[in-house]
């Protein structure tokens, strides 16, 4: 691995941009906001934060980012999607809105708002493969889950208890990572460290 800190962009259209930047810096990366296609040339990896996935897709199209994002990710740019960002990295949606567009890249089917609306948001812990030090603190806000994955996708984490036990909430495919939850809101930077290591990899 290189000793030079990687530069990781955070797509700054919606979501917890500042919190992701702070977590990336704590995890040993340089971080910058990404709003224009030309800014993609200056980064080694990209975080797609939470927000509202249909709005995020529309904004990405309006800002001329949708096609460049697809091309860069297809060409191997490491990316990490949280919540709505997970939806954006999905190849398929179980319940997509009419005309909803994603970036794709992970061979998975995702269900939006699977855990319920805002009132059903919750915090819990997730045992996550590839993350040392015990369970990860996880904040779920109108969160999706993964309905199914293709053979190249590694399931990293599932809900461990309750009536949603067994639901997939963290996956990896190659240099793409996605979680249903928001680690940037917890102060626990281990998932961001995992992604930084993937980018360095």
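Each residue, glycine too, has its Cβ placed from N, Cα and C.
The L-glutamine site recorded in Swiss-Prot comprises 51, 52, 53, 141, 142 together with one of 30, 32, 112, 167, namely 112. For the recorded L-glutamine site, residues 51, 52, 53, 112, 141, 142 set the reference point as the centre of their Cβ atoms, and the other residues of that chain within 8 Å of it by Cβ are 50, 83, 84, 87, 113, 143, 144.
For residue 141 (L-glutamine binding site), the number of other Cβ atoms no farther than 10 Å from its own Cβ, over all displayed protein chains, is 21.
Among the listed recorded positions, namely 52, 184, the Cβ with the most fellow Cβ atoms inside 10 Å is that of 184.
Cα proximity to residue 53 (L-glutamine binding site) (within 10 Å) is found for the following active-site residues from 83, 182, 184: 83. The number of other Cβ atoms within 10 Å of the Cβ belonging to residue 142 (L-glutamine binding site), over all protein chains shown, comes to 19.
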